Every structure is written in C-alpha cells, then in structure tokens.
C-alpha cells in the first residue's frame, strides 16, 4: 500500500513538473524574442526538467541523467550572471559549447557511476540500492554534486547581489537619477535570485535526509520522510519553471499574443500582467 502511495505521489508531482517545464520549452520555441543566450540557458534547464519528469513517470533510469543535468544547468545560469555582472565579461555566449560538455558530460559520468552497486530494479523513485557500497556510490555521484551546486549557486548569487547593493549605494550619492533608477531596477530583478538556491534545497533536503537515514538505518524506513522526499524532488521541474521561466519577458511575450485575440475571447484567458517600463536585460533569467 505504501509503495502505491509513493508511486502515485511521484507520478502526480512529476506530471506537474512536466507540464510546467513543457510550457517554458514551448514558449522558447514559439516566441523568437525570447531566444537570447540568457534565456537559452533557461530553455536547456526546462528541457532537462521536462525529460527528467517524463522518464520519472514511466520509471526509467534515464531520469537520473536529466535530473543531474537540471541542477547543473542552474550552475551555468549562476556562472553566466556572475561573469556578466561581477567580472564584466561579454564572452559568455562563446562558452555555450563548454556548458554543454560540462552538463551532459558530467551527467553521463554520474549516471554510469551510479549504476554500479545497484541491482537495476527501478523502484518508486530511484534505483534500489544493494549494500553499503551501492548507497555510498549513490550519495557520492548524486548528492555531493547536488550540494556542491547549491553552495556554488548560493555564493555566486550572494556576490552578485552584494555588488549591486554597493553600486546602488554609490549611485544614491550621485546626481544621475537615471543611473540610480537603472541600478534599482537591476536590484529588483536580482533580489529574487537570492532565493533560487532555495529551490534546490527545498527539492532535495528531504531526499538527502532520507538517504542518510537509510544509510545508517536500512531496515527502518520512515514513510512520511519518503513521502516528502519523493514529493519535493518530483516538483523540482515545476519550481524551476516558475522561478526561472515565468519572468517578465515571458509574460510580455504572452500578453502581446493575447492582445491579438478578439476581446470576447480575452475575457476567458488568464491575465498575465507585466510592467510596460523598459527592464534590465538581466531580468530575462
């Protein structure tokens, strides 16, 4: 009975993530104005989430590959932001090939390594672990890179926000009101990024605790912990699509299309509000 409940939670939550990430992928493919390099990274993130959710629903080991790719793409977004804002570099587009090699290559290595020590029987969420060796490999090949990504993202966003805070304070002492306004617009766009590492933390904190508990107490499964583990991890794609994807640029593109619909149809469509003022290029993340 408990396995059926966990399976249902996984399928339900993964379906929501699949829908959310598919929406972002569709927006990128349909709206040419979104095809800037920065949002292209969000597209790759959403694509990874979409495929991770799909293979999780059907119960295939391939979902591990795309799950690792998903949190690695968030590090490329953080890196791009840091290199652009803090380092003042304009060569990030030249690094796209390196990003692909880093994300897909690392995901492949981690997935292949994780297959060692498993009995290859797919359970409600992940491959069943056999013995301490399999559990240790599982932790080293997934949770260590995951928390490394969380720490990197957190430190990177902290540096970017700190720098823009300093720029805002400097601008406040200057007479250039337009510069002050632009800097504050950047800060508003970036303040929410400080919460982005919390998406990974919220998605995988219970999973990490569950893995540690299972390592030391393999014969004492905690159902509610497994439930939270599977539920939050399966929702990562939905969280990412809302945080990274549903930004002002996407809402503006949707609104411009909706405005072309007859007024009587618009009454039944969602009201995607967006600010008409010019926004910072940085806000596309």
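Cβ coordinates come from backbone N, Cα and C, glycine included.
Ranges compared are 157-174, 175-192, 193-210, and TrEMBL records transmembrane segment for 193-210. In this chain, the transmembrane segment (193-210) does not touch the transmembrane segment (38-57); fewer than three CB pairs sit within less than 8 A of each other, excluding pairs fewer than 6 residues apart.
Counting only same-chain residues 6+ beyond the ends of the transmembrane segment (63-85), those with a CB under 8 A from a CB of the stretch are 37-38, 41-42, 44-45, 48-49, 51-56, 91-92, 95, 99, 102-104, 106-108, 110-111, 114, 126-127, 142, 145-146, 149-150, 152-153, 156-157, 159-160, 163-164, 193, 196, 199-200, 236-237, 240, 244, 282, 285. Between the transmembrane segment (97-116) and the transmembrane segment (136-155), the number of CB pairs under 8 angstroms, six or more residues apart, is three or more, so the stretches are in contact.
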